[in-house]
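**Q** Okay, so TrEMBL annotates it like this:
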- A:20-44: transmembrane segment (TRANSMEM)
- A:50-444: domain 'Cation/H+ exchanger transmembrane' (DOMAIN)
- A:56-73: transmembrane segment (TRANSMEM)
- A:85-102: transmembrane segment (TRANSMEM)
- A:114-137: transmembrane segment (TRANSMEM)
- A:212-242: transmembrane segment (TRANSMEM)
- A:262-287: transmembrane segment (TRANSMEM)
- A:308-325: transmembrane segment (TRANSMEM)
- A:345-365: transmembrane segment (TRANSMEM)
- A:386-404: transmembrane segment (TRANSMEM)
- A:419-439: transmembrane segment (TRANSMEM)
Protein chains: 2
Amino acid sequence: MDVSHHLTTLLPHDPTASSGGSTVISITVFFTLLCACIVIGHLFVENRWVNDSTTAILLGLCAGFVTLLISKWKSSRILVFSDQLFFLYLLPPIIFNAGFQVKKKQFFQNFLTIMLFGVIGTLVSFCIISIGSYFLFKEIMTTTFSVSQDYLAVGAIFSATDSVCTLQVLSQEETPLLYSLVFGEGVVNDATSIVLFNAVRKLDFSDIDTLVVLKLLGTFVYLFFTSTAIGIGVGLLSAYVIKTFYFGRHSTDREVAIMMLMAYLSYMVAELFSLSGILTVFFCGILMSHYTWHNVTENSRQTTRHSFATISFIAETFIFLYVGMDALDIDTWKASDKSVGEMIVASGILLILVLVGRAAFVFSLTNIVNFFKNRITTRISLRQQVVIWWAGLIRGAVTIALSYEKFTRSDSTSSKNGSFMITITIIVVLFSTVVFGSVTKSLIRAIIKQQMNIRCSEDIDPAGLEDLHLLFEEHGEDDGHLVNSGLLTRHSSSTIHNLWRKFDDRYMRPVFGGRGYVPHSRF
Amino acid sequence: MDVSHHLTTLLPHDPTASSGGSTVISITVFFTLLCACIVIGHLFVENRWVNDSTTAILLGLCAGFVTLLISKWKSSRILVFSDQLFFLYLLPPIIFNAGFQVKKKQFFQNFLTIMLFGVIGTLVSFCIISIGSYFLFKEIMTTTFSVSQDYLAVGAIFSATDSVCTLQVLSQEETPLLYSLVFGEGVVNDATSIVLFNAVRKLDFSDIDTLVVLKLLGTFVYLFFTSTAIGIGVGLLSAYVIKTFYFGRHSTDREVAIMMLMAYLSYMVAELFSLSGILTVFFCGILMSHYTWHNVTENSRQTTRHSFATISFIAETFIFLYVGMDALDIDTWKASDKSVGEMIVASGILLILVLVGRAAFVFSLTNIVNFFKNRITTRISLRQQVVIWWAGLIRGAVTIALSYEKFTRSDSTSSKNGSFMITITIIVVLFSTVVFGSVTKSLIRAIIKQQMNIRCSEDIDPAGLEDLHLLFEEHGEDDGHLVNSGLLTRHSSSTIHNLWRKFDDRYMRPVFGGRGYVPHSRF
């Protein structure tokens with residue numbers, strides 16, 4: 001792991017430790033903390049104010065503080081945050097697992113809404129944060145960015161929602177609709193953020209005209225479709241390979257290994273072509289759970305389902321621990337010449353802009369969506385809108401990674417401004433994860449419960465009926481097309497779904513296997 | 001992974017690729033090759049001449065050659081072999097899984113024989129190779145090592161058997177006795193090799209007296225017992241933690257994650273104190289399969305059993321692919337001023353010394369062991385001795401890693417001699433893995449079959465009876481003490497085993513759980 005490379009800086013002032021020795025120390029410390037996180041997270045699992053992210057981030061902060069004490073405030077760099085470690089090794093398993101375990105029906109039924117949130121929503125949020133920071137920073141701060149392009153970068157960085165934390169605060173079982181909306185948006189948001197971020201870095205914004213906007217749109221469409229296509233391609237290839245060779249005949253290890261390797265490969269291939277690896281690996285996960293997973297032996301099914309979840313869980317905990325420990329990097333704190341007050345004001349401004357930016361698109365876009373929905377049962381209620389708004393406020397490791405990429409490499413900003421931006425990014429991320437994150441669970445529970453109570457007193461049960469309806473369909477899916485025939489076909493999305501079912505049964509399954517597939521020994 | 005760091009050198013002459021970009025390329029190439037290995041290995045699984053190691057090593061050679069062609073013979077460094085990557089990330093999961101899946105009964109029944117082979121055997125082999133190379137290299141080669149200590153290092157390096165390859169050529173199901181002997185020896189051999197290797201580097205060998213020998217012995221005993229104790233300690237701790245907190249109540253992910261993390265931690269803690277991590281993680285694996293594994297939920301059991309095997313399988317394939325690709329590192333080849341003829345002669349000498357050294361201790365020590373065994377059924381037949389001798393001949397990644405550690409860091413040898421030694425190490429490893437490895441399967445099958453035939457014609461069935469007997473006991477173990485009571489207690493090792501059973505039932509299981517443990521919800 002690259003970890004070793006970056007962890008070696010944990011105790012750099014120990015003169016007795018050789019290079020290999022200090023790696024061992026760092027890994028030991030880090031893995032012990034991971035174990036502690038798991039135990040503490042388990043003990044507080046029923047506490048509504050604490051979740052795994054906050055536990056890990058606070059434990060990371062404590063560990064960073066202790067290390068700082070041990071090194072007598074000299075060890076300025078506790079852990080160097082490496083965007084490569086994050087993007088290449090930690091993020092792919094998390095997003096793959098999300099795709100692998102996602103309720104596909106739910107996801108595709110809300111596909112248009114998700115796209116609207118992910119693309120238009122991110123753009124709205126990007127504009128509000130960029131423009132807002134441009135005016136407010138000039139108003140309040142003593143020194144500002146010399147290049148206006150940097151404000152656009154800030155907009156792109158703080159528009160990136162944290163899909164990882166969303167997975168932790170929303171439950172797919174309790175609130176399937178909200179989960180699929182917020183999480184789906186997070187995945188699409190990634191593609192948008194990449195386009196925006198690269199556009200900000202490359203394009204000449206001094207003369208924005210229609211051509212540039214069209215070019216941006218074209219790039220996004222290209223990115224979205226090619227990324228998705230690669231994910232689907234690798235997913236289908238894995239299904240085909242496993243169905244054809246039937247590795248399980250000799251060993252389950254080969255099946256599980258090839259699933260893991262191909263999933264990871266899909267991400268890497270997308271990154272190779274500078275596409276959105278997150279989109280690719282997400283769709284690869286969906287395809288693998290739809291076809292490949294059914295083609296392997298029962299043992300491999302059990303193993304993959306749980307081991308993908310475990311790896312994802314470890315990676316998530318790792319990231320938050322990492323972010324927590326990284327926050328006390330006093331080199332960055334010292335390098336900035338701004339006062340603590342200025343930092344807090346700047347962070348506050350950004351937090352407010354994030355809140356406003358998200359509110360602006362969530363409440364407007366959902367009303368547009370509701371307007372086009374002819375059935376009241378499928379509309380998104382105001383309470384649900386509040387949850388969607390709130391759950392996507394958390395800024396996490398993606399924001400930190402982008403901030404590092406922008407403000408440590410870029411030549412346009414002075415290193416002092418860079419350090420300042422990194423510091424306030426960390427403050428925003430810590431605050432939003434710890435405060436927003438711990439409130440979300442209670443908020444959702446309160447809102448959903450209240451809604452339930454209202455529903456019970458009324459006779460009409462819009463969202464509840466929908467949930468039941470979806471549960472029914474999901475169940476029908478599991479029983480293999482049995483339930484989903486007469487009653488539910490009224491729905492327009494159900495008819496599209498049925499068309500897909502027919503296509504799937506006639507053309508895809510004979511080639512790629514899938515549910516109900518029984519491998520026949522050909523030897 | 002550190003891989004990224006070392007894989008970046010895969011295509012260093014590509015001017016368009018950024019640092020991150022070339023990592024992505026390398027990972028993509030490497031993981032594609034891993035997938036290819038799995039598919040090819042599956043296709044040839046019934047071929048007795050090919051095994052997974054040879055497939056991977058040959059594919060690695062081909063890939064190295066192709067890369068060399070693409071870079072027009074300029075890219076001298078295809079892959080840099082990193083002993084840190086090998087010892088910190090690839091080896092631990094393999095050895096842990098071996099301990100986790102090993103038939104414990106078999107292993108402990110042959111414990112003394114294993115220790116004898118692992119300690120005395122390695123010492124004999126070390127002496128023969130050191131002395132042999134000292135005289136033969138002086139006789140044949142134009143230039144030799146100036147320091148005689150280097151010959152001792154050669155002895156230590158080439159005495160290190162490759163436990164990974166042993167796992168692949170011997171089957172635990174077909175030849176349980178041989179498997180446990182050869183593999184157990186390989187594990188103990190590691191501790192001995194570390195002591196020898198460090199002793200050679202640190203001790204002053206100009207005046208060898210009894211004190212030095214005693215000191216060596218003391219170090220070994222210390223190393224062996226502390227390493228084992230840490231492994232047992234971490235294993236018991238994991239069992240206790242999982243039994244007490246019962247993570248499975250809320251999520252299987254936590255159970256699996258804590259097992260994985262603690263297993264890895266045991267290795268790291270041992271390395272932290274400069275002990276034998278391999279011994280530690282091996283015993284941790286044994287303890288975890290005896291206690292911890294029974295304390296988790298059924299889902300976690302399935303998952304851990306298969307995912308540990310899969311991770312180990314991927315790591316093994318990775319290592320051999322890596323060794324194959326590393327072999328074509330033309331920088332090392334060019335740096336040595338020796339002719340190709342001299343290289344082949346030197347490699348031949350070392351191979352012969354390895355053959356002789358192993359023969360010397362296997363045949364002598366087994367006869368000593370047989371002499372002390374009063375029952376003919378437990379003696380090791382000549383045919384079995386041949387298999388033990390042959391199966392342990394393969395030199396693998398451990399040898400390469402030690403060789404790199406010695407000959408690239410040491411100041412005592414000139415860099416030319418160092419490159420020469422690394423080159424002939426690679427030749428010996430390639431030859432022994434490909435040739436010995438591919439012959440072993442057929443050899444074992446032939447010998448075992450012949451033995452079976454002989455047994456069928458005779459009435460006495462010594463080794464066969466023993467196998468049956470052990471199978472019976474193993475089965476009895478699985479059924480929970482039922483079978484193993486009256487018939488089999490004659491055996492002396494069985495009585496020891498029964499004492500252990502009583503101790504285990506009375507003192508250990510109430511605290512640490514284990515087979516038959518049913519978690520009761522305390523909430």
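The chain as shown is numbered from 1 upward.
Note: Cβ is positioned from N, Cα and C throughout, glycine not excepted.
Note: TrEMBL annotation is automatic and uncurated.
Please go over these features one by one and say how buried each is and what sits next to it.
**A** Remote same-chain residues near the transmembrane segment (A:56-73) are listed as 10-11, 13, 29, 33, 36-37, 40-41, 79, 316-317, 319-328, 330, 430, 433-434 (criterion: CB distance under 8 Å, separation of at least six residues from the stretch ends).
Proximity of distant same-chain residues to the transmembrane segment (A:85-102), defined by a Cβ-Cβ separation under 8 Å and at least 6 residues beyond the stretch ends, is recorded for 1-3, 6, 163-164, 167, 172, 180, 183, 187, 263-264, 267, 271, 277-278, 281-286, 288-289, 293, 305, 308-309, 311-312, 315-316, 318-319, 322, 397-398, 401.
A Cβ distance under 8 Å defines the sequence-distant neighbours of the transmembrane segment (A:212-242), meaning residues of its chain 6+ beyond its ends; these are 119, 188, 191-192, 194-195, 199, 203, 255, 258-259, 262-263, 265-266, 269-270, 273, 275-277, 279-288, 290-292, 295-296, 511-514.
If one looks beyond the transmembrane segment (A:262-287) by at least 6 residues along the same chain, the residues whose Cβ comes under 8 Å of a Cβ in the stretch are 87-88, 91-93, 95-102, 104, 107, 163, 187-188, 190-191, 194, 223-224, 226-228, 230-232, 234-239, 241.
Counting same-chain residues at least six beyond the ends of the transmembrane segment (A:308-325), those with a Cβ under 8 angstroms from any Cβ of the stretch are 30, 33-34, 37-38, 41, 52-53, 55-61, 63-64, 67, 78-79, 81, 86, 89-91, 93-94, 96-98, 100-101, 164, 167-168, 396-397, 400, 426, 429-430, 433.
Same-chain residues lying 6+ beyond the ends of the transmembrane segment (A:345-365) with a Cβ under 8 Å from its Cβ atoms: 116-117, 120-121, 124-126, 128-129, 132-133, 136-137, 140-141, 154, 158-159, 338, 385, 388-389, 392-393, 395, 420, 424, 427-428, 431-432.
Counting residues 6+ beyond its ends, the transmembrane segment (A:386-404) has Cβ neighbours under 8 Å at 53, 81, 83, 86-87, 90-91, 117, 156-158, 160-166, 169-170, 175, 178, 181-182, 185-186, 190, 193, 197, 319-320, 322-323, 326, 354-355, 358-359, 362-363, 366, 380, 421-422, 425-426, 428-429, 432-433, 436-437, 439-440, 443-444, 447-448 in the same chain.
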**Q** Grab the same-chain neighbours of the transmembrane segment (A:114-137) for me: Cβ-Cβ under 8 Å, and only residues 6 or more beyond its ends, written as numbers and ranges.
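**A** Counting only partners 6 or more residues beyond its ends, the transmembrane segment (A:114-137) has Cβ contacts under 8 Å with 107, 144-145, 148, 151-152, 154-156, 158-159, 180-181, 184-189, 191-193, 196, 220, 346, 349-350, 353-354, 356-358, 360-362, 364-365, 368-369, 388.
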